[in-house]
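Written out below as structure tokens is the structure these notes cover.
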Amino acid sequence: MSNTPASTPRPSEITPEAWYLNRRQWMAGAMGLGLSALLPGWAGAAGTWATRPSRFSTDEEKNRFEQITQYNNYYEFGTDKEDPAQYAGTLKTRPWTVRVEGECEAPRTFDIDTLMKLAPLEDRVYRLRCVEGWSMVIPWVGFELNALLRQVKPTSRARYVEFTTLADPRQMPGVRSRVLDWPYTEGLRIDEAMHPLTILAVGLYGKPLPNQNGAPIRLVVPWKYGFKSAKSIVRIRLTDTQPATAWNKAAPQEYGFYSNVNPEVDHPRWSQATERRIGDLLRRKTLLFNGYGNEVARLYQGMDLRKFY
Ligand SMILES: Nc1nc2c(c(=O)[nH]1)N[C@H]1C(S)=C(S)[C@@H](COP(=O)(O)O)O[C@H]1N2
Ligand SMILES: [Mo]
């Protein structure tokens, strides 16, 4: 029970329409009671959300705020785990826009403050499994990517989604080194992108995202290795062909397009059978799809997960 979120509705059961309606109704109620301080999304002066657990959340113990914000991968700010916390202060997160374009009828540029308001009143407490062999449990605040994609009306040719993140050498010292071919890009198949577990996170622990965690907006795909969860996104493009991804370009035999967490498919240089939860002494077994198999296994029915790693 503790390893998987409570039973998840099928994507078709959670329409963005229903979700907006719920939120509107909730807001109307809150207004009526004079509880405007509890309004979702908009953080107001305090910059916080009043959140409640989501049915998608794991009830495993959460990592502490300090662990989540001081042990990071964000190569634009350096490759050591302490670098992002130390150097990401130079990242300017306002003004900020996210361009959503490509195979869609209504391409649009969204302002970050508009997007922040889409985040509902719930924490998405997700496991994050890094390909390097460590994991954390993080209470994200965010909204389902499908809610944004539906707004631009994808065409029938939209089979994949490409994510492009900021690469500004003036703000990001790591971009001057050649560890990756900047900008950092990632990709999902359209059904993965539309899945209700896939979110754009704008906060954690009820506060706007710290820069080192990918402010002001980052992807979170909890059944895939952490590197799929691109930080500080500036562009989302619907495509008809599989997009190139930064890690696949850097080392194709090590990092495939799918990168689903899989204890049976080893990284060429190490086993993926176990992981260390940050804060724990002993390693634990890694779960197929990071424990989200009940929700996502059907997306890969009939696929050879060794070939499509
Ligand atoms: N733009 C960008 N996004 C990125 C990375 C990065 O280096 N640059 N690192 C990835 C990796 S390897 C992981 S494990 C997660 C870490 O997210 P966290 O530091 O918020 O836990 O971010 C991912 N997103
Ligand atoms: Mo990672």
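Glycine too: its Cβ is placed from the backbone N, Cα and C atoms.
Taking Cβ-Cβ distances under 8 Å and a sequence gap of 6 or more within the same chain, the neighbours of ARG218 (Mo-molybdopterin binding site) are LEU200, ALA201, LEU209, SER229, ALA230, LYS231, SER232, ILE233. In the three-state DSSP scheme, ARG218 (Mo-molybdopterin binding site) is classed as strand. The Mo-molybdopterin binding site annotation in TrEMBL covers ASN72, TYR75, GLU76, CYS130, THR165, ASN213, ARG218, SER229, ALA230, LYS231.
Here TrEMBL flags 93-247 as domain 'Oxidoreductase molybdopterin-binding'.
When the record's Mo-molybdopterin-binding residues ASN72, TYR75, GLU76, CYS130, THR165, ASN213, ARG218, SER229, ALA230, LYS231 are compared pairwise by CA position, the greatest distance found is 19 Å. In the three-state DSSP scheme, ASN72 (Mo-molybdopterin binding site) falls into the coil class. A 10 Å cutoff on Cβ-Cβ distances gives GLU76 (Mo-molybdopterin binding site) a total of 28 other Cβ atoms nearby, all chains included. Secondary structure from DSSP puts THR165 (Mo-molybdopterin binding site) in a beta strand.
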